[in-house]
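**Student:** One structure, pasted below without further comment.
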């Protein structure tokens, strides 16, 4: 180990020691270490078997579920649970790692799509997992094919790594990479081929550019797609979900390759994350019993259907950041069998995406079919989200708006409903959690 690496380790770990006692610093120690040695990540990661999880939606939950399973196998798994998924956050994760008690060093990391190529200059994953790619933060990522090419460029740097893809996404059909490829997906009963919803993106045939149809469409552009023009269809699946046993707003049960599993988290979109976690675990040699044990011990993920109480109100915090994710979150809360208040917190910082026009493509119209006595529109762009909610036809007099998140919290505390959902963009979620943590309603970190 050379001098600059040694200094980087010392500076990074010292800053982590100080910041952790102040309750801060998920990325700063890595930033400090990288200033001493820009290649320090290569030294830190060289003795690890690494699984990388990337994609638009579902990175954090897929990673958390996978870690829960692999802890049943290895006892200790390195990960970045708070979602610090750019190079400074990844460097911090390795800087603060504890020595493995089993002698097997394994890391499961969620990595930002735009940061992946740079990070792969320094790490050698054995497995890449891509959950999906949807339109997200257009000012940062551009359109979906730009994002996909960013990821493929990173994967090509590690040609020996296996790539695990969501086979239900037409975008992932026959990727131009030298790596071994495996697919996971929903293999449910098929019906007559039909067009996807008119507002769905990414439904052009990857071979002839015709419009795809679906024999089964789970949501957005995902499902058993087929092109009636050239015969192109979804590839054979290596990991198959064959039955939905139960689906509610806070849990689900399903069958994957003959084994029934369950997670204590709601929504169809999150079952894809569980399916990806099962596929990763099986790829790494875990059996179904260990997978079940891991799922049974899984708990709330940072800001992703995280539950807590404000006074006597049971509250659930849900991250939203793009049209598909927001629509699926709305589909999930629609399954609630009780009335609830709704808060929608919209920020427009860099990490949220500065362009907030995506809210007009999310299906907020569904709220008019739900038992929602009142809505709080909050965050920096509270007036924009309030306008979007009024356009749905929901009564304008039942919508309050404020940029003050303390006021949102106070409103929830004083409401008549015993249940509340808070849908929040990324930085709004962080700010709201910070407020909750300051009142000891939630833990600041979820390690």
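Cβ atoms here come from the backbone N, Cα and C positions, even for glycine.
Not measured: the values here are computed from a predicted model.
So Swiss-Prot has the following annotated:
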- 205, 208, 227, 230: Zn(2+) binding site (BINDING)
- 355: active site (ACT_SITE)
**Student:** Measuring Cα to Cα, how many Å separate residue 227 (Zn(2+) binding site) from residue 355 (active site)?
**Tutor:** 33
**Student:** With the Zn(2+) site defined by 205, 208, 227, 230, which remaining residues of that chain have Cβ atoms positioned within 8 Å of the Cβ centroid?
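**Tutor:** Neighbours within 8 Å of the Cβ centroid, excluding 205, 208, 227, 230: 206, 207, 209, 210, 212, 228, 229, 231, 232.
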**Student:** I'd like the number of other C-beta atoms within 10 A of the C-beta of residue 230 (Zn(2+) binding site), please.
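**Tutor:** The answer is 13 other Cβ atoms.
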**Student:** By CA-CA distance, flag whichever of 205, 208, 230 among the binding-site residues is nearest to residue 355 (active site).
**Tutor:** 205
**Student:** If I restrict to non-local contacts, at least six residues apart, and a C-beta distance under 8 angstroms, what lies near residue 208 (Zn(2+) binding site) in its own chain?
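**Tutor:** In sequence order, 227, 229, 230, 232 meet the Cβ cut-off.
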**Student:** List the residues of the same chain that sit at least 6 positions away from residue 205 (Zn(2+) binding site) in sequence and have their Cβ under 8 Å from its Cβ, in sequence order, or write 'none'.
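**Tutor:** Counting only residues 6 or more apart in sequence, the Cβ neighbours of residue 205 (Zn(2+) binding site) under 8 Å are 170, 211, 212, 227, 229, 230, 232.
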